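These notes are about the structure you will find just below.
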Amino acid sequence: MVTQATSVRWQLWIVAFGFFMQTLDTTIVNTALPSIAASLGENPLRMQSVIVSYVLTVAVMLPASGWLADRIGVKWVFFSAIILFTFGSLMCAQSATLNELILSRVLQGVGGAMMVPVGRLTVMKIVPREQYMAAMAFVTLPGQIGPLVGPALGGFLVEFASWHWIFLINLPVGVIGALATLLLMPNHKMSTRRFDISGFIMLAIGMATLTLALDGHTGLGLSPLAIAGLILCGVIALGSYWWHALGNRFALFSLHLFKNKIYTLGLVGSMSARIGSGMLPFMTPIFLQIGLGFSPFHAGLMMIPMIIGSMGMKRIIVQVVNRFGYRRVLVNATLLLAVVSLSLPLVAIMGWTLLMPVVLFFQGMLNALRFSTMNTLTLKTLPDRLASSGNSLLSMAMQLSMSIGVSTAGILLGTFAHHQVATNTPATHSAFLYSYLCMAIIIALPALIFNRVPPDTGANRHLAR
């Protein structure tokens with residue numbers, strides 16, 4: 001007979017596998033984009049929609065995931081998330097055109113949006129409060145391994161099999177996870193307040209139309225009139241949500257959040273910063289393969305120092321922020337990240353390839369320092385009654401800004417390369433160099449926002465990872 005302790009342990013393993021699937025997918029696809037483009041007969045500089053469609057879907061669906069779990073139960077929502085993610089992966093592998101792949105990635109994104117937040121909620125419900133931190137450390141460890149192995153695994157599969165296998169690899173894990181969820185996961189429910197369907201639809205339309213407008217010309221080939229229409233639709237939708245949320249206690253996100261100066265600064269700074277940082281995982285593998293002629297596997301291996309730097313930095317972030325304070329850490333880390341990011345193409349084009357892993361290592365360190373510090377700064381002064389709403393809005397904003405970052409990177413590459421590309425040529429080097437220069441400026445700009453953080457804002461609570 002399975003004891004309660006053993007049952008909980010298996011349930012934690014199920015959540016951990018969900019975290020692994022979701023985080024692996026965020027990095028494994030980037031390395032494969034040039035190969036996918038060649039297979040589908042597309043320009044590799046116009047493949048950002050494959051990433052944007054997934055990340056944007058996650059951003060749109062995040063607000064509904066927690067409510068669905070409370071309403072239907074964590075077991076059935078987590079099971080549905082795994083099934084959707086796995087079926088979406090199968091459809092991605094079967095895609096014969098770019099549009100088919102984008103639609104399949106949307107389906108994947110619906111599952112991915114529910115998997116991680118519902119997994120966190122599951123842990124809260126199945127372990128005692130005093131064991132929550134230890135349980136979360138256990139289930140998030142595979143989530144840290146996913147980004148570490150993703151680029152190299154993606155490059156290996158593309159080079160020695162085909163790009164289809166970066167999606168097919170999810171199938172056995174998904175089937176096992178779905179069966180284990182059915183057999184072992186309890187179906188905890190909670191009483192729920194009324195879901196703000198109107199607000200959800202307004203925000204979804206606003207985010208989707210504005211992101212599509214940004215990606216419309218280079219990624220989707222839309223006319224200027226269509227892009228203007230999307231922008232107008234997005235502005236109207238977001239303005240309508242603001243009006244809808246005024247004095248509405250059932251609003252998806254309370255407008256009282258913006259009365260908190262630190263939260264508002266942190267949210268605006270986080271969104272601005274993640275636009276720049278969101279460009280890096282998309283731009284770097286493409287630069288290595290198209291700009292420098294690296295093989296997919298070699299490009300994937302080159303991404304590992306960035307992940308190692310990120311994981312290593314997380315162990316000392318608390319001490320760094322306690323020593324220097326939020327403002328100094330965020331301003332200096334932001335400016336240093338801009339310099340380090342620009343140095344990558346300079347070092348590579350000058351032939352100093354041995355320094356590239358060092359540059360990527362420091363890039364990962366600075367990114368992790370900014371991310372964790374921004375997350376905690378944003379949430380640290382919120383009262384308990386607004387903490388859940390504030391955290392959900394921050395999570396949604398993070399995903400949205402990363403999709404904007406990928407779209408922006410695609411626009412820059414397409415503009416400077418004039419939508420024509422040849423591997424490892426002076427013209428291609430120039431296109432990437434100008435793109436990285438613009439990206440470095442975008443990365444540096446949030447320092448102006450972070451400089452407005454009060455200097456006495458110190459680290460008096462555990463930093464968000």
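Glycine is no exception: its Cβ is also placed from the backbone N, Cα and C atoms.
Remember, it's a predicted structure, so these values are computed and weren't measured experimentally.
Among the features that Swiss-Prot reports, transmembrane segment is placed at 12-32, 49-69, 72-92, 102-124, 138-158, 195-215, 219-239, 267-287, 290-310, 342-362, 393-413, 430-450 (among others).
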Non-local residues, at least 6 beyond the ends, that sit with Cβ under 8 Å of the transmembrane segment (102-124): 11-12, 15, 18-19, 21-22, 25, 49-50, 53-62, 65-66, 68-70, 74, 77-78, 80-89, 91-92, 94-95, 132, 135-136, 139, 143, 185, 188, 395
So if I exclude everything within five residues of the ends of the transmembrane segment (430-450), which remaining residues of that chain have a CB under 8 angstroms from its CBs? That is, six or more out. 265, 268-269, 272-273, 275-277, 279-280, 283, 287, 291, 326-327, 330-331, 334-335, 337-339, 341-342, 344-346, 349, 408-409, 412-413, 416-417, 421
Counting only residues 6+ away from its ends, which parts of the chain sit with a Cβ under 8 Å from the transmembrane segment (290-310)? 27, 31-32, 34-35, 44-45, 147-148, 151-156, 158-160, 281, 284, 345, 348, 356-358, 360-365, 367-368, 421, 423-424, 428-429, 432
Same-chain Cβ contacts of the transmembrane segment (267-287) under 8 Å, 6 or more residues past its ends? 26-27, 30-31, 33-34, 44-45, 48, 51, 55, 151, 257, 299-300, 302-303, 306, 330, 334, 337-338, 341, 344-345, 348, 360, 363, 367, 370-371, 374-375, 377-378, 393-394, 397-398, 400-406, 408-410, 413, 432, 435-436, 439, 442-446, 449-450
For the transmembrane segment (12-32), which stretch among 72-92, 138-158, 195-215, 219-239, 393-413 has the most Cβ pairs under 8 A? 138-158
Give residue numbers and ranges for long-range contacts of the transmembrane segment (195-215): same chain, 6 or more residues beyond its ends, CB-CB under 8 A. 48-49, 52, 56, 59-60, 63-64, 67, 71, 222, 227, 230-231, 233-235, 237-238, 240-241, 244-245, 248, 250-253, 396, 400, 403-404, 407-408, 410-411
